[in-house]
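K.L.:
This is the structure, below, for whatever I ask next.
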Amino acid sequence: MMGDNEGRRTPLLNLGVQVSMRVLTIGAAMASMWVMITNREVASVYGIAFEAKYSYSSAFRYLVYAQIAVCAATLFTLVWACLAVRRRGLVFALFFFDLLTTLTAISAFSAAFAEGYVGKYGNKQAGWLPICGYVHGYCSRVTISLAMSFASFILLFILTVLTASAARHY
């Protein structure tokens, strides 16, 4: 009798964890995207004004577009996870979508992080100077966006592991 109860509670508990983590992932990805999109600062260097915007960097644009894709895919898999509780055959497809979404999230984070690193520390060999001393607020908001992006990746990674574990049992 106890085994029957556990069998019924596990999918529901797993569904609760899945839904909670997917909602948190969507929130983190949307926050990352919003902070990056609204990030803009104008600075003056030696009397010359220049503007720092996310759209001037292909890596930051990629991060924004990837976060949009992460939100859409996670919303899709949120519905899919609810269906997978009733139809066990859908679990592998859920794992596959989670894996693709996780890979998208980490690739976008990595590209944007590399760009942010160069912006903060420069690259002496290439002759690129750090710019964060001039646009400190811009760099701080990029850091916040990257932290939220990394949080969405971690949540997706955990979801992928949980889904892979569930797929193994079915």
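The count begins at 1 with the first shown residue.
Glycine residues also receive a Cβ, built from the backbone N, Cα and C atoms like all the rest.
Since this is a predicted model, take the numbers as computed values, not measurements.
Under the heading topological domain 'Cytoplasmic', Swiss-Prot lists 1-16, 84-88, 163-170, citing sequence analysis as support. If you look up Swiss-Prot, you'll see 38-62, 110-141 marked as topological domain 'Extracellular'. Positions annotated as transmembrane segment by Swiss-Prot, on the basis of sequence analysis: 17-37, 63-83, 89-109, 142-162.
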K.L.:
Take the topological domain 'Extracellular' (38-62) and find every residue of the same chain, 6 or more past its ends, with a Cβ under 8 Å from one of its Cβ atoms.
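P.N.:
For the topological domain 'Extracellular' (38-62), the list is 108, 111-112, 114-115, 131, 134-135, 137-138, 141-142, 145.
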K.L.:
What same-chain residues lie close to the transmembrane segment (89-109): Cβ under 8 Å, and 6 or more beyond its ends?
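P.N.:
Hits for the transmembrane segment (89-109): 29, 62-63, 65-67, 69-70, 73-74, 76-77, 80-81, 83, 146, 149-150, 152-153, 156-157, 159-160, 163-164, 166-167, 170.
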K.L.:
Would you mind splitting the topological domain 'Extracellular' (38-62) into helix, strand and coil residue counts from DSSP?
P.N.:
8 helix, 12 strand, 5 coil
